[in-house]
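Visitor: For reference, Swiss-Prot lists these features for the protein:
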DOMAIN    5-70  domain 'J'
ZN_FING   136-214  zinc finger
REPEAT    149-156  repeat 'CXXCXGXG motif'
BINDING   Cys149, Cys152, Cys202, Cys205  Zn(2+) 1 binding site
REPEAT    166-173  repeat 'CXXCXGXG motif'
REPEAT    188-195  repeat 'CXXCXGXG motif'
REPEAT    202-209  repeat 'CXXCXGXG motif'
Amino acid sequence: MAKRDFYEVLGVERGASEADLKKAYRRLAMKYHPDRNPGDKEAEDKFKEANEAYEVLSDASKRAAYDQYGHAGVDPNMGGGAGAGFGGASFSDIFGDVFSDFFGGGGARGGSRGGAQRGADLRYTLDLDLEEAVRGTTVTIRVPTLVGCKTCNGSGAKPGTTPVTCTTCGGIGQVRMQQGFFSVQQTCPRCHGTGKMISDPCGSCHGQGRVEEQKTLSVKVPAGVDTGDRIRLTGEGEAGSMGGPAGDLYVVVNVREHPIFQRDGKHLYCEVPISFADAALGGELEVPTLDGRVKLKIPESTQTGKLFRLRGKGVAPVRGGGAGDLMCKVVVETPVNLDKRQRELLEEFRKSLQSDTSHSPKASGWFEGMKRFFDDL
């Protein structure tokens, strides 16, 4: 099935800013994340689709290539990538439950013609609790990746031997093919763009120069991160081939849903249930914050839905600036499971209000409006 346009996937215009892209991705990531949709294959596919779109459009060079050439500009299998790896299957594809696409990757990318090639970038989704994201933390992760083979020091050749120059391309990694009136340059089909051939491969890596390994890494997460933020670990991606530099690892943050708070940028929101009596007479109650409990004064005649702002009780942004606010929305609860005496008291209270609508201004206005509506019919 043909891929959808990346801008369409994120629901943004082609000229969208970086902030708009991030906001759109964050919304989709929160909506379709597997933690929120266990067993939902469609949601999982949409989550991966959003990841792929964001990884391309959030990178200036990849976005430029995509804008000019479409999917072909960022697809290594359509002329933009480098040589094959592990029998044509990328290690990151093998571990697709942990990693999504390379950040523009194939077996390796960014390498020079015929020789050393940079390793692929990798992506790791890091799930955090809201408290961890707000305060910052250090976590240990295990990343399946490719590392340089120690037996052959990454050459792919059996110790004591060396790779030889490819006779098909003469060591440049590219060949020219005649197609009608046109001559096109393509990756050498024999050496896969490396410019070298291995006649006696290393027994440990089978000539690949790289082996599979679970790498354990410590990641320092700064305070204030949010869903969609990326932490770059330079050189922690896949090892390069033929002595090329390693790629990078991008740790993408996903903040789990919190049972009390909802986050919007640097502000937090929560609902606070209050009793009918406290709403009418006023009172004081404790509300939770990420720093502990605080007192909240409820004035008399408080209506459900009223917002109370606790300044500075939100989140300090990761890029600096003052902390946001905590917005508490009160919800007046109707009393239930009343005993006989409580029902009698409420009945007396109701009777006392029947002749005086000033105690319920909204209800009074509503009934007056309804009366005028029927009078006009």
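Glycine is treated like the rest: Cβ placed from N, Cα and C.
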Visitor: In sequence order, which same-chain residues at least six apart have a C-beta under 8 angstroms from Cys202 (Zn(2+) 1 binding site)?
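Guide: In sequence order, the residues whose Cβ lies under 8 Å from that of Cys202 (Zn(2+) 1 binding site) (at least 6 apart) are Cys149, Thr151, Cys152, Ser155, Gly156, Ala157, Lys158, Pro159, Gly209.
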Visitor: Find, among the binding-site residues listed as Cys149, Cys152, Cys205, the one whose Cβ has the highest number of other Cβ atoms within 10 Å in the structure shown.
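Guide: When each Cβ's neighbours within 10 Å are tallied, Cys152 leads.
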Visitor: Give the sequence-ordered set of same-chain residues, not counting Cys149, Cys152, Cys202, Cys205, with Cβ within 8 Å of the centre of the Cβ atoms defining the Zn(2+) 1 site.
Guide: Lys150, Thr151, Asn153, Gly154, Ser155, Gly156, Ala157, Pro201, Gly203, Ser204, His206, Gly207, Gln208, Gly209, Arg210, Val211
Visitor: So if I exclude everything within five residues of the ends of the repeat 'CXXCXGXG motif' (202-209), which remaining residues of that chain have a CB under 8 angstroms from its CBs? That is, six or more out.
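Guide: Cβ under 8 Å, 6 or more out: 85-86, 148-152, 154-159, 239, 241-242.
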Visitor: For the repeat 'CXXCXGXG motif' (166-173), what's the model's average pLDDT?
Guide: 85
Visitor: Which residues of the same chain, at least 6 past either end of the repeat 'CXXCXGXG motif' (149-156), have a Cβ under 8 Å from a Cβ in it?
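Guide: Same-chain contacts beyond the ends: 162-163, 198, 201-205, 207-211, 239-243.
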Visitor: For the repeat 'CXXCXGXG motif' (202-209), jot down how many residues DSSP puts in helix, in strand and in coil.
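Guide: Split by secondary structure, the repeat 'CXXCXGXG motif' (202-209) comes out as 0 helix, 0 strand, 8 coil.
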